[in-house]
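Colleague: Let me give you the structure first, and then I'll get to my questions.
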Amino acid sequence: MAMPTIKHVRAFTVRGGGADYHDQDDGHWIDDHIATPMSRYPEYRESRRSFGINVLGTLVVEIEASDGSVGFAVTTGGEIGAFIVERHLARFLEGRCVTDIETMWDQMYYATLYYGRKGVVLNTISGVDLALWDLLGKVRGEPVYQLLGGPVRDELVFYATGARPDLAKQMGFIGGKLPLQHGPAENEEGLRKNLEKLADMRNRVGDDFWLMFDCWMSLDVRYATRLANAAHEYGLKWIEECLPPDDYWGYADLRRNVPRGMMVSTGEHEATRWGFRMLLEMGCCDLIQPDVGWCGGITELIKISALADAHNVMVVPHGSSVYSYHFVVTRHNSPFAEFLMMAPKADEVVPMFTPLLLDEPVPVNGRMKVPDRPGFGVRLNPECALVRPYTH
């Protein structure tokens with residue numbers, strides 16, 4: 001039977017949660033006093049939204065095939081991403097066979113190279129790529145993980161990212177990743193508060209529970225090295241994304257100087273096989289964390305993961321809900337997954353992209369069997385108001 005072709009490509013935006021998970025109401029833990037690259041400025045220290053972390057909003061990409069099948073995906077990109085999809089990328093998709101994913105990715109990437117490479121352009125390409133995989137799964141009546149070669153384990157195990165690792169332990173997670181609250185601009189007092197927070201959590205969770213620090217690009221090499229060595233006393237498992245993404249030399253230096261047994265992780269804001277090649281060949285980290293909605297999508301993550309495997313480096317994708325679950329379950333070098341605690345107080349398990357997706361699975365007792373519904377197995381919530389700002 002002949003495969004259908006792509007008939008229509010549409011791009012929408014939506015506000016309030018969803019893929020832009022920083023777009024939350026007041027009082028959410030993710031917008032608390034958390035160290036960022038902007039923490040050097042006191043006026044932008046108390047809230048991440050104060051410097052515009054949520055300005056982009058969510059991008060929804062919808063791709064319709066000639067047989068009526070519709071695939072979709074969500075990522076961070078908002079109106080900028082919608083413009084790129086409608087006015088530039090759609091030409092490389094419409095009329096093509098739904099199986100031509102590699103060619104479509106290649107053309108999207110090289111056509112945007114002069115203004116893209118990373119950032120919102122790669123977010124957008126990632127969203128299109130994920131929608132293509134969702135569409136192919138629906139056309140073939142298979143979950144994406146089967147298209148990727150099938151599962152290598154029966155279930156996923158998760159660590160939790162959020163403000164309350166002590167509650168995450170009670171919920172069955174294998175570890176908890178804390179947002180670092182104070183950066184170098186807050187001097188010795190900030191460093192002391194960071195360590196006191198870690199010590200308090202270690203006291204609450206005991207010795208057999210992973211604790212990690214998410215530093216969100218906020219540190220310099222000197223501070224990160226001090227923090228890592230001081231945190232070793234409290235059994236910190238890894239220190240994450242300490243430095244700006246382009247400081248490969250700094251990451252290599254940091255990794256040489258952290259305590260023995262502590263891992264350095266990064267990659268959330270890296271993109272494509274070429275960016276991750278730098279991290280891997282320069283010995284920057286022990287664990288990479290590509291976001292499948294930002295790094296280039298599933299098509300590129302396959303290549304990134306293979307590179308990492310050849311360097312004996314684990315791949316634990318950043319957040320991204322079902323888009324990472326379907327990948328992680330198929331890879332031996334992805335032994336566990338991340339779950340972002342999106343409840344405002346990090347005190348209950350709610351779907352990461354709530355309220356945008358329906359049927360979005362969540363861990364139970366820190367574990368999950370990935371659903372076998374076609375594609376990524378989720379639906380758009382019809383109660384969320386989608387806006388199509390551009391057409392083509």
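In case you wondered, yes, glycine gets a Cβ from its N, Cα and C as well.
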Colleague: Let me know which member of Asp200, Asp207, Asp208, Asp214 Swiss-Prot also records as binding Mg(2+) at the site of Glu240, Glu268.
Modeller: Asp214
Colleague: Quick one: which of His22, His28, His326 does Swiss-Prot put in the substrate site with Arg48, Glu338?
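Modeller: For the substrate site that includes Arg48, Glu338, Swiss-Prot also lists His22.
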Colleague: Whole-number Å only: compute the distance from the Cα of Asp214 (Mg(2+) binding site) to the Cα of Arg48 (substrate binding site).
Modeller: 14
Colleague: Roughly how many Å separate the Cα of His318 (active site, proton acceptor) from that of Asp291 (site 'Increases basicity of active site His'), to the nearest whole number?
Modeller: 5
Colleague: Per the record, substrate is bound by His22, Arg48, Glu338: how many Å separate the farthest pair of Cα atoms?
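Modeller: Max span of the substrate binding residues, Cα based, is 21 Å.
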Colleague: To the nearest whole angstrom, state the Cα distance for the pair Glu338 (substrate binding site) and Asp291 (site 'Increases basicity of active site His').
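Modeller: The Cα atom of Glu338 (substrate binding site) is 11 Å away from the Cα atom of Asp291 (site 'Increases basicity of active site His').
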Colleague: Whole-number Å only: compute the distance from the Cα of Arg48 (substrate binding site) to the Cα of Glu240 (Mg(2+) binding site).
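Modeller: With distance taken Cα to Cα, Glu240 (Mg(2+) binding site) is 18 Å from Arg48 (substrate binding site).
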